[in-house]
Amino acid sequence: MPATLARLRAHLVATPADAVILLGDIFEAWIGDDARWQAGTFEQFALELLREASARKPLFFMHGNRDFALGEPMAEDAGMQLLPDPTRLDAFGRAWLLSHGDQLCLGDVGYLRARAVVRRPEVLAALRAMPLFARRALARHLRARSRMHQSDPSTWADVDDGAARAWLRDTGCDTLIHGHTHRPAIHELGDGLVRAVLSDWDYDHGPGRGDVLVIDAQGLHRITPLHSAAADPNAAGAPASTRHDPLAGVGAS
């Protein structure tokens, strides 16, 4: 089992949180809900993993730019509730705004234009009508292009703080929690407003990284899930050829 996927499974099984919210890009690509029925595939393993997690506690999922094609059939089968982006979360006497974060990267004009096109219902329907082998080939091509684009981190677009402040004011929230940018940090936006950024997860290349933001009565905390026997990268399970990348999560405990 890839180490990143093993860490994710171990955290979802062991977390003491009352609920888990996944803020998108849980998969490098999601080629269609029908792929979950193919024996021995990553999609089938993902279904089993998410079912295991949702049997233990409420599990919520928000689409990212890599897994926007995940639909209601997969969510229902996995026991997840889909969330709109953004979503206001009222917890522990405060209002939190949850988002994947890509909509706020206003400097990435080309991406935002493409995002608007591929999420149209007619485009999604056309993609889902393609044969599975063609969708897998398309996903490999798009991932290769994405890796080329991401080779220089200095060129990555970041969230526009002005837009983040506007979202927070419009929704009556004081803290925005998002992923997407792979730049984990806490940003003070003024007037008591905060932008908290999740890391990506990668334990298969280099020393490993990955964190979770936890909401409780004391506020917001960043934790790194500990390694456990359940996270043994040599354990059986997912197809070894499949690399599972980032987790974005919020636990309310």
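Including glycine, each Cβ sits where the backbone N, Cα and C put it.
What you are looking at is a predicted structure, and each value in this text was computed from that prediction instead of being measured.
As annotated by TrEMBL, Mn(2+) 2 binding site applies to Asp25, Asn65, His100, His180. For Asp25, His182, the entry in TrEMBL reads Mn(2+) 1 binding site. Here TrEMBL flags Asn65, Arg66, Asp108, Ser146, His180 as substrate binding site. Per TrEMBL, compositional bias 'Low complexity' is recorded for 231-240. What TrEMBL records for 6-184 is domain 'Calcineurin-like phosphoesterase'. The feature region 'Disordered' is assigned by TrEMBL to 231-253.
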Looking at the binding-site residues Asp25, Asn65, His100, His180, which ones sit with their CA no more than 10 Å from the CA of Ser146 (substrate binding site)?
none
Excluding Asn65, Arg66, Asp108, Ser146, His180, which residues of the same chain place their Cβ within 8 Å of the centroid of the Cβ atoms of the recorded substrate site?
Asp25, Gly64, Asp102, Tyr111
Spatial neighbours of Asp25 (Mn(2+) 2 binding site), counting only the binding-site residues Arg66, Asp108, His182 and Cα distances within 10 Å:
Arg66
When DSSP states are folded down to helix, strand and coil, where does Asp108 (substrate binding site) land?
coil
Pairwise C-alpha maximum, in angstrom, for the residues (Asn65, Arg66, Asp108, Ser146, His180) that bind substrate according to the record:
16
Could you pull the average pLDDT for the domain 'Calcineurin-like phosphoesterase' (6-184)?
92
Which residue, out of the binding-site residues Asp25, Asp108, shows the minimum number of other Cβ atoms inside 10 Å of its Cβ in this structure?
Asp108
Inside 10 Å of the Cβ of Asn65 (Mn(2+) 2 binding site), count up the other Cβ atoms and send me the figure.
19
Given His100 (Mn(2+) 2 binding site) and Arg66 (substrate binding site), what distance in Å do their CA atoms have, once rounded to a whole number?
11
